[in-house]
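Peer 1: Below you will find the structure I want to go over with you.
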Amino acid sequence: MTNSNRIKLTWISFLSYALTGALVIVTGMVMGNIADYFHLPVSSMSNTFTFLNAGILISIFLNAWLMEIIPLKTQLRFGFILMVLAVAGLMFGHSLALFSAAMFVLGLVSGITMSIGTFLITQLYEGRQRGSRLLFTDSFFSMAGMIFPMVAAFLLARSIEWYWVYACIGLVYLAIFILTFGCEFPALGKHAQHSQAPVVKEKWGIGVLFLAVAALCYILGQLGFISWVPEYAKGLGMSLNDAGALVSDFWMSYMFGMWAFSFILRFFDLQRILTVLAGMAAVLMYLFITGTQAHMPWFILTLGFFSSAIYTSIITLGSQQTKVASPKLVNFILTCGTIGTMLTFVVTGPIVAHSGPQAALLTANGLYAVVFVMCFALGFVSRHRQHSAPATH
């Protein structure tokens, strides 16, 4: 594989995470405007975003098989057509059913693209380089989370319709579409060259279960928290711009944290530092929820920084539970994380309707506490120390 081809594939991976991050994170910023557009209460409107998350979940789950049947390049190009149709549906359709269908299609496109992005990184890089590249790739999720809420706030403050936010997100997929030209993708399934060596199957162990629960609770907690921060902040009397700034501050700090931890993690045992980070994140989230308005920006900045490496560390630890990194194992943990994404508004919507945004934030805080417990319990059963020792690529 040529170096320019590797760079193109790596950038497709980066942008695939940016696309998913933009779609998922911008929800909290535009939810109120979309609710007004359809004359619905915000708590009811949040349920329709479950279609976006369901699309992401279904596509990540199915793409473990689809990648072996349909070439990756074909999937990405077809995804671009679906993206254009979905954004057009949001712009020109005025029914809630069409909105829900468009959100589902956006979720499908996003999930397929993200699963391809994750696969490409695990194929292109090995050993420690894989972990740091995954962390850097994941930072594009948070980079989009920093940029697109600011774009949304800018557009909405000027009374520009909410659907233009999704048109802007579509530009990310346009970049992916352009990168597919003159680019060779790894072949899979019937298109791949098969080696004669027999594949040795390994048992995953109970540590994978702990990591799967941690992944689900972490993503559900994180998105449950950040999706309702704008509504919570507005309830405290903050302006739309200030509420958007809190979300952007979180993702900016999250992004810088990922870059920092891609170096820091090399010097620590991954399970131990993951436990410390999960504990710190739970405490910082509690301080944000119970603290004064003046301290909120500082708490959300530190929360973003110290929670940034948690999810990627969970995935990396999962890949180290077997001697040979298993794509199905990594996909299983990714799927559990995506279930957390899908459940975000299923769980928090009724809580907000019944008890308000602060109750949703406290629920998210409880989920972070579960992540800490899972990471602590993992220390007694994890196989990563015996499997990661020889990996010095």
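Numbering starts at 1 and runs along the chain as displayed.
Using N, Cα and C of the backbone, Cβ positions are placed for all residues, glycine too.
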Peer 1: According to Swiss-Prot, do Phe267 and Gln321 sit on the same side of the membrane?
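Peer 2: Gln321 and Phe267, as annotated in Swiss-Prot, occupy the same side of the membrane (identical topological domain).
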Peer 1: Across the whole of the topological domain 'Periplasmic' (294-297), what does the mean pLDDT come to? Round it, please.
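Peer 2: The answer is 91, the mean pLDDT of the model over that range.
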Peer 1: Do at least three CB pairs under 8 A connect the transmembrane segment (162-182) and the transmembrane segment (51-71), leaving out pairs fewer than 6 apart in sequence?
Peer 2: no
Peer 1: Determine which residues of the chain contact the transmembrane segment (332-352) at the Cβ level, with the cut-off under 8 Å and only residues 6 or more beyond its ends counted.
Peer 2: 24, 42-44, 46-47, 49-50, 53-54, 56-57, 60-61, 111, 115, 118, 208, 211-213, 215-221, 223-224, 227-228, 231, 311, 314-315, 318, 359-360, 363-364
Peer 1: Give the residue counts of the topological domain 'Periplasmic' (227-244) per reduced DSSP state, in the order helix, strand, coil.
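Peer 2: Counts, helix then strand then coil: 14 helix, 0 strand, 4 coil.
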Peer 1: Short question: which residues 6 or more past the ends of the topological domain 'Cytoplasmic' (1-10) have a Cβ under 8 Å from it?
Peer 2: 120-121, 124, 133, 179, 182-185
